[in-house]
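As recorded in Swiss-Prot, the features of this protein are as follows:
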ACT_SITE  His362  active site, proton acceptor
BINDING   8-11, Lys22, Gln73, 78-79, 100-102, Gly138, Glu153, Asn168, Asn226, Arg332, Lys350, Tyr365, Asn376  UDP-N-acetyl-alpha-D-glucosamine binding site
BINDING   Asp102, Asn226  Mg(2+) binding site
BINDING   Ala379, Asn385, Tyr386, Ser404, Ala422, Arg439  acetyl-CoA binding site
REGION    1-228  region 'Pyrophosphorylase'
REGION    229-249  region 'Linker'
REGION    250-454  region 'N-acetyltransferase'
Amino acid sequence: MSLKVIILAAGKGTRMRSNLPKVLQPLAQKPLLSHVISTAQKLTNEPIITVIGHGAQRVVDVIGTDGIQYAEQLEQLGTGHAVVQGNPHYNDDDTVLILYGDVPLTQQNTLTDLLNLVDDIHPLALLTITLDNPSGYGRIVRNQHHLVQAIVEEKDASFEQKAVQEVNTGMMAVKGYYLKKWLGQLSNSNAQGEYYLTDIIEMCVQDGFEVHTTQPASEMEVLGVNNKSQLQSLERQYQAQLAEELMEQGVTVLDASRIDIRGDLTVGQDVTLDVNVIFEGTVVLEDHVSIGPNCVIKNAVIKSGTEIKSFSHIEDAQIGQNCEIGPYARLRPGTELSTGVKIGNFVETKKVQIGSGSKVNHLSYIGDTEMGAGVNIGAGTITCNYDGVNKHQTVIGDNVFIGSDSQLVAPVTIESDATIGAGSTITKDAPAGTLTLSRSKQLSIKGWQKPTKN
């Protein structure tokens, strides 16, 4: 006896007006289906049974096969028919939890409450919700004793039934033996000509069982996505929830409606986030980190006391303590900064290691470089790392001073305590403790006449 989860993910999603299958549409840059699978995997170590149909191979390619058993629904004949495709993957004594690939935000504790309602004498339990506007949902029909009798789809509902505000979310937990039994009794004699999974509720009652129900804490947990408008609305609700969770952890969020978390964000104490900040992938912000407005941070670790100023883009980078980045800085993959480094406006770095206290303050490109501590890089300095075919390394020792508008043509080494004169193009190694420069001799031509316009 174990828990098996079936996720229905075969729908086309015509109203999305997209070539991408509906369950692969992104919520916080993660496919809708991936959200559901992640929650399911918190409930069981068993493979997640995922019923696919439209765009099946694309779904497999994106989601992968790790911890998942796929079942294909070749014809779209209704939710009951979809669940039948999962029958070979569970046993009679299993409890089967049925979820939907386009309902991404159901919480683990809500599903645990649902599962706790199922036992040998209560083989079926439903997740329902009461809505002010139940239009479009199947209605929960109860008798005078408030016991569930059936679910009636809106297209088949009477006028009185349409007035019911308690609706079906689609999610249920069922004992495997009874699920197979009732699925085998389904008929498609309805307005849609489909096999409704919801018809098994009436069968359960007819077999003498009570159907127990529970409800989620929030309507957002059971919201499905059928079009881009609903997807955008759910995105904003989800981001608001994530912002609220950050503030509960002590983060100062200057405007909760203008922050996007599109991955996993870990924060320390006294973190401050300004407006229009986007986090992607896996990001760690340690204590006393400040992120200015309009920054994009992806797959980065930012250590304590560091300030990221406005309009900075950081990707696949490790930033040390008490650094100062930006504004308008771009730290590309492979950037590793030690303590107290300053990267200023319009500076781009890639595949660099920069030592403690070094400064690259203005208008520079530093790539494929090992830089020591206490280095000052003047404005307009470029490491010329690419010869048209291969990338080459620049090595800069400790306490080096690079004058403005210099070009370091790799491969080249600037040894510790060296000084490079402004405007130099360095093609050979610069010795330690020396001044190295390469400039044309300055000339002042007397009697020079400025050209005049013809």
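The backbone N, Cα and C atoms fix where each Cβ goes, and this holds for glycine too.
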Which residues in the same chain, at least 6 apart in sequence, have a Cβ under 8 Å from the Cβ of Arg332 (UDP-N-acetyl-alpha-D-glucosamine binding site)?
-> Glu315, Asp316, Ala317, Glu348, Thr349, Lys350, Lys351
What are the helix, strand and coil residue counts for the region 'Linker' (229-249) according to DSSP?
-> 20 helix, 0 strand, 1 coil
Intrachain C-beta neighbours of Tyr386 (acetyl-CoA binding site), sequence separation six or more, cut-off 8 angstroms | His392
With a Cβ cut-off under 8 Å, give me the same-chain residues at least six positions beyond the ends of the region 'Linker' (229-249) that come close to it.
-> 16, 25, 27-28, 104-105, 220, 223, 256-257, 259-261, 265, 267, 273
When you tally the Cβ atoms that lie within 10 Å of each candidate's Cβ, which of the binding-site residues (Asp102, Glu153) has the highest tally?
-> Asp102
Consider the binding-site residues Leu8, Gly101, Asn226, Asn376 and say which one has the Cα lying nearest the Cα of Asn385 (acetyl-CoA binding site).
-> Asn376
Cα proximity to Ala379 (acetyl-CoA binding site), best match among recorded positions Leu8, Gly11, Gly101, Glu153, His362 | His362
Leu8 (UDP-N-acetyl-alpha-D-glucosamine binding site) has its Cβ surrounded, within 10 angstroms, by a count of other Cβ atoms equal to 26
Check Tyr386 (acetyl-CoA binding site) against DSSP and tell me helix, strand or coil, would you?
-> strand
Chain-internal residues, separated by at least six, CB under 8 A from Ala422 (acetyl-CoA binding site) | Gly378, Gly403, Ser404, Asp405, Ser406, Leu437
Greatest CA-CA distance (Å) over the residues Ala379, Asn385, Tyr386, Ser404, Ala422, Arg439 that the record ties to acetyl-CoA?
-> 23
Between Asn376 (UDP-N-acetyl-alpha-D-glucosamine binding site) and Asn226 (Mg(2+) binding site), what C-alpha distance do you get in Å?
-> 55
Give me the Cα-Cα distance between Leu8 (UDP-N-acetyl-alpha-D-glucosamine binding site) and the residue listed as 'active site, proton acceptor', rounded to a whole Å.
-> 54
Based on DSSP, name the secondary structure state of Ser404 (acetyl-CoA binding site): helix, strand or coil.
-> coil
For the region 'N-acetyltransferase' (250-454), mean pLDDT (0 to 100) | 97
